[in-house]
Amino acid sequence: AAKMDVVNQLVAQGQFTIIKQPLGFIKVLQWIFAIFAFSTCGSYSGMFKMSVECKNRSDSDLGIEVEFEYPFRLHQVYFDAPTCKGENRERFFLVGDYSSSAEFFVTIGVFSFLYSMAALSAYCFVLEKYRENNKGPQIDFVVTAVFAFMWLVSSCAWAKGLSDVKTATDPERVVDLLPACREVENRCREVYEPKVSGLNTSVVAFGFINVILWIGNLWFVFKETGWMAAFAGTYVPSQEKQAAPNAYGQQDPYAGSQGGYQPEYGEQGGYGEDGGYSQGYEQQPTSYSNQM
């Protein structure tokens, strides 16, 4: 009951209203999809089955099971298959090591999960300090850009690695590597294919969706950095610099019909219309006195 009171108090104080805004809502989606991405890949284990039917049926093995799992160091996965020459069996290894792309993908997912959780905590509990001097949003923008790039690289790398994993664990291809299956009198076939739908989901549904989420979040974080106002601020002084030559002899657009009136420039001198130098505003312009 005490915990619920604390939660209700925080909600009443508006601590979680940031989650309803795009900045916080997208962070929640990033946190969720990061969990799905590294869990579907990191927890995978698969199996396929083959059968080798020798000419001498007593030497056959109709249920050769081969199991593999994350991080897909397939060159360490082995199985024993009959040679169809008596009861002798031979040990074979799968081909390939695809741990680098798989571990890279999972690592990016774990760090994205941790950073999203930390950013959400900052949004909900220390939002004022986060926005102070725009340092928090600027750091957030840089980190978000790095994660967007890393998600793109890791998803592409794991998509290629997954394609190689499916090829290396295809029972039809593995059967062709067995010497006994190259003899016409022996029959070899696949019995069960590995299910890789979870791995396909990790790349297509979660990997590239994370890319879209992190790239899309860049805009909302950029709006918090204050850089947009800084860019707009540099444009205003440039207009003032273009108007500055009016003080050096150009016609004043606000000088209406009041004859020889010139703006006062304080105690410092200025240049008159005839090119002479006037010390102050108390001295009458020579052009006006000549007209009198």
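Backbone N, Cα and C atoms are what each Cβ position is placed from, and that goes for glycine too.
Positions annotated as domain 'MARVEL' by TrEMBL: 18-226.
Long-range contacts of the transmembrane segment (28-47) within the same chain, counting only residues at least 6 positions beyond its ends with a Cβ under 8 Å from a Cβ of the stretch, are 19, 65-70, 102, 105-106, 109-110, 112-113, 116-117, 120, 158, 169, 192, 194-196, 198-199, 201-202, 205-207, 209-210, 213-214, 217. Residues or ranges marked as transmembrane segment in TrEMBL: 28-47 (among others).
Same-chain neighbours of the transmembrane segment (104-127): 10, 15-16, 18-19, 23-24, 27-28, 30-31, 34-35, 37-38, 41-42, 70-71, 136, 140, 143, 147, 150-151, 154-155, 157-158, 202, 207, 210, 214, counting only residues six or more beyond its ends whose CB sits under 8 Å from a CB of the stretch. Among the features that TrEMBL reports, transmembrane segment is placed at 104-127 (among others).
Residues 41, 100-102, 104-105, 107-108, 111-112, 115, 119, 130, 202-203, 207-208, 210-211, 214-215, 217-218, 221-222, 224-225 of the same chain, all 6+ positions outside the transmembrane segment (139-160), place their C-beta atoms under 8 angstroms from a C-beta of that stretch. If you look up TrEMBL, you'll see 139-160 (among others) marked as transmembrane segment.
Positions annotated as transmembrane segment by TrEMBL: 203-222 (among others).
TrEMBL lists 246-292 with the feature region 'Disordered'.
Sequence annotations record features per position, and here TrEMBL assigns compositional bias 'Gly residues' to 267-278.
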